[in-house]
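Undergrad: Take this structure first; my questions come after.
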C-alpha cells in the first residue's frame, strides 16, 4: 500500500515536472538570429534552413534597410513548398532541395510572421527600430511591393509545383506499398491471436519476428514523418508529424524493451505493440497520399486557366503593322511557328479560326469573334476588328486576324490573374485568426494531455496499469490533428479564389472574400459602370452630357437582385438630376446623389460610413437598429481614375476590369467583365466560402474536442473500452482528407445570379431583412432608405452642393425639413438640399472632406497638431499611418 501511494505521488510529480518543461520549452523566450549587413551597408540578409521547420525560426533585422532572406530548402513535399508572409501579401515558391531568395524592402519596426503554404510551419521576422524595440508601427504605404526575385511566371511555377507533387505522390505510393506488405502479416496475426490464440502457431507471435518486420516500417516508411516531426519539435513549431513521431517512437521503444528485457515491466504489461506502430505509420502515409491527390484539385481552377496558354504562335515574317493588311498573311509561307516564350512585344502574330490567342495584343488586320469566357466569365462571343484589344488564351471562334503583341510572359492578363490569386492566397481571412491562436497552443496542449493521461492511468488505473497508460497516451498523441485546424480556412480560400477567377471575379485578399457577404450598401458610379459610358467628350462635371447613355446589359438584373436581398443601392453621378434620375429609375436604384464633383465621391463614401458607425453606436445601447443591420459594409463599384479614392475609402472596393488600372489597383475585387452581375457573384462566392469554412472549422474543432478525450480513456469507466492506437491513427489520417474533400466541393458551386436565396446573399437572416425594411425608411441613420420592397418606387435624389457633406444631421433627416425640400419634380423624385454649416472648417486629411470645427468635431492629436475628421472611420485610418496621409 505504501509502495502504491509512493508510486502515485511520484507519477504525479514527474507529470508536473514534464508539464513545466513543455511550457518552458515552447513558450519561453526564443533567441533571435541577427541578420548580416552586406559590405555596402545597403542590404541585410539571413539564411533560413527549411527542413521540418525553419532554422532559425526567429530572425532579427534592423528597420530602414532592405532585406534578403535566403531559404535553403533541404526537403521535398507540399507542406513547405511555399513560404507565406501574410502581413505583406507575399507567397513565394520554394523548390525542393534548392535555395530561393526572397527580397523585401525596408520595413518599419514590428513583427512579420511567415509560415508554410499549409500554415503548419511558422517563423518570425523581427524588425527592430533604432532603439532596439520591435513594437509594431504602421505598415508601409500600400504601393510598396514585395516580390520573390527568383519567381518565374505563373505557368512555369505551376509546372514546377505539378512536377514536385507528382514526385511526392510516387514516393508516397512506394512507401505505402512497402508499409502495407510488412505490416499486414503482423496485424493479421495479432488480430487472430486476440480472437482465438489456438489458431495461431507460437512462432508467428514471436515478438522478435514482429520487430524484424516492423523496424523497416518504423525507420524507412516512417522516415518522411520523423525527418519532419522531430526537427519541427526542436524548432518549437511542432505539427502532426511531431505527434505521430512521438507516439510511434514511444510504442516502438516500449515494444523493443519487451523483447530485450521483458522483466523490466510487470507481468501483465509485457505485450509488444509492433502492429500498432506499423499500422499507424502506414495509415498516416495513406492519409497523406490521399490528401496530396485531393489537394491537386484545390488549385485546379487557376491551373486550368494557365494550361490554356498556347505553347506556340504563328509569327509573321518580316512584316510591320503598317503593311500587314496588304500582304498574303494567310499564306503559310509568310509565317513561322515560334515557341511562345520567344515572342516579344511588337511581334506580329497570326491567329486562325479555332485557335487560342497566343498572348495579349491588338488586332491590326482581319476580323474575329472571340470567346473571352475564360477571362470574363461571360459566354457571349465578342466581335473584334482592327484596333481592338485581345487577351491571350481566349478562343477565336470565327474568322482570322493579325495581331501585334503588347504584353508577353508574366505581363499578360492570364499571368497577372494567376499572380493576383497567388497573392490573395497568401493573405489570411479574419476568421482564421481564432484557428491560428488555438493552433499555436494545440500541440503543446496535446503533449501535456498525453503526459497526464499516462500519469493518471499508471497511478490510478486498473491493471495492467502500464499497458493501459501506454495505449491511452500514444492514442492521444496520434489522434490529435493540428493540421485540421491549420488547413480549415486556407483550403476553402484557395478553392474559392480559383472559382472566382474562372467566373471573372478576382478577389485580392482573403479578408475581402470574407467581408463581401456582409455588404449592406452598394454605391455605383454611373458612367461606364451602370451605363455604357456614351457621353460628350467635351462635357465636365458641371456641364454633363444629355446624350442618351444606354444602360449596360445585366445592370437592371444585378440591382434588382441586390434589392431583393435587402442590400441598398446608391448611385453617384456628376450629371444633372434629370439625367441621373432617368438612369436610376430605369435600373431601380434606391438613392441618387448627383452633381458630384470628381473629388467628392470619397467624401460621400465617408459620410455613409460615418452614418453607419453612428447607427452601430446606437444599436450598442439597444436603440434604433439591430446589431446585424448596423454591421453591414459599404461597397463602391467604379471604373474610372476619379473612382480610385472612393474605391480605397469604401469598406470593399469593386473595380470594373474594363476600366482604368488606377481603379483596379485601388480595389479589393476586380470584375473582369463590365457586367454588374459580377457583384452578385462576389457576394455568392463569399457566402459559399464562409459556409465551407464554417463546416471545415466545425469538423476540425469537433474532431479534436471529441477525439482526444475518447483517446484518453474517458469512456472506459462506462464501457470498459479503450481506443486502440491503430483506430486513432486511422481517424487522424482521414480527418485532413475530409477537409480537403469538403473544400473541393466548392468547385461545383454556382455563384451566378439567382443561385442563392435572396436573403442568404446579404449575410443576414430573413428576420433581419424584414425588420430592415420596416425600420430603414424611418431611420435617420440611413442615407439610402428601404431597399426591400418589391413594389415600384421612385429613387430619392440628393444634389451634392458640398454643404450636405458638412451637416451634423443625417441626409435622410432633411426630408422632414420643409426649408430644405424642393418641389416634387414631374418624375416623382424628391430633391434635397442641405443648409450651409456656420463657423470655421478644416479638411479631413484622409478623405478630403470639409468638416466643421466645433465642440462636437472628431479630432486627433499628432506631433502637437490637431486634425479634424468626418467620422471615427477616417480618424482610425489616420492614426494607423499618419505620415502616409500627410505626405499626400
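Counting begins at 1 with the first residue displayed.
Each Cβ is built from the backbone N, Cα and C atoms, and glycine gets one as well.
Straight out of TrEMBL:
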TRANSMEM  6-27  transmembrane segment
TRANSMEM  175-193  transmembrane segment
TRANSMEM  243-266  transmembrane segment
TRANSMEM  272-290  transmembrane segment
TRANSMEM  441-460  transmembrane segment
TRANSMEM  466-488  transmembrane segment
TRANSMEM  697-716  transmembrane segment
TRANSMEM  722-741  transmembrane segment
REGION    754-794  region 'Disordered'
COMPBIAS  770-782  compositional bias 'Low complexity'
DOMAIN    844-882  domain 'TRASH'
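Help me picture these features in the structure, burial and contacts included.
TA: If you look at the transmembrane segment (6-27), the same-chain residues 6 or more away from its ends with a CB under 8 A from one of its CBs are 236, 238, 443-444, 447-448, 451-452, 454-455, 458-460.
Through the fold, the transmembrane segment (175-193) approaches residues 199-200, 204-205, 210, 213-214, 216-217, 220-221, 224, 274-275, 278-279, 281-282, 285-286, 289, 726 of its own chain, all at least 6 residues removed from its boundaries and within a Cβ separation under 8 Å.
Long-range contacts of the transmembrane segment (466-488) within the same chain: residues 118-120, 238-240, 243-244, 246-248, 250-251, 254, 265-266, 268-269, 271, 273, 276, 280, 432, 435-436, 438-439, 442-443, 446-447, 449-451, 453-455, 457-458, 693, 696-697, 699-701, 703-704, 707-708, 710-713, 722-725, 727-729, 731-732, 735-736, 739-740, each at least 6 residues beyond the stretch ends and with a Cβ under 8 Å from a Cβ of the stretch.
Across the domain 'TRASH' (844-882), the model assigns an average pLDDT of 74.
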Undergrad: Hey, which bits of the same chain come close to the transmembrane segment (243-266), Cβ under 8 Å, at least six residues off its ends?
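TA: Distal contacts: 207-208, 210-211, 214, 218, 222, 225-226, 229-230, 233, 272-274, 276-277, 280-281, 284, 443, 446-447, 450, 464-466, 470, 473-475, 477-478, 480, 482, 725, 729, 732.
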Undergrad: Give the nonlocal contacts of the transmembrane segment (441-460) in its own chain as ranges (CB under 8 Å, at least six residues past its ends).
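TA: Sequence-distant neighbours of the transmembrane segment (441-460): 7-8, 11-12, 14-15, 18-19, 22-23, 26-27, 238-239, 242-243, 246, 466, 468-470, 472-474, 476-477, 480, 482, 485, 704, 708, 712-713.
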Undergrad: What same-chain residues lie close to the transmembrane segment (722-741): Cβ under 8 Å, and 6 or more beyond its ends?
TA: 187, 240, 244, 247, 251, 273, 275-276, 279-281, 283-284, 286-288, 290-291, 294-295, 297-298, 468, 471-472, 474-476, 478-481, 483-484, 487-488, 491, 696, 699-700, 703, 707, 710-711, 713, 716
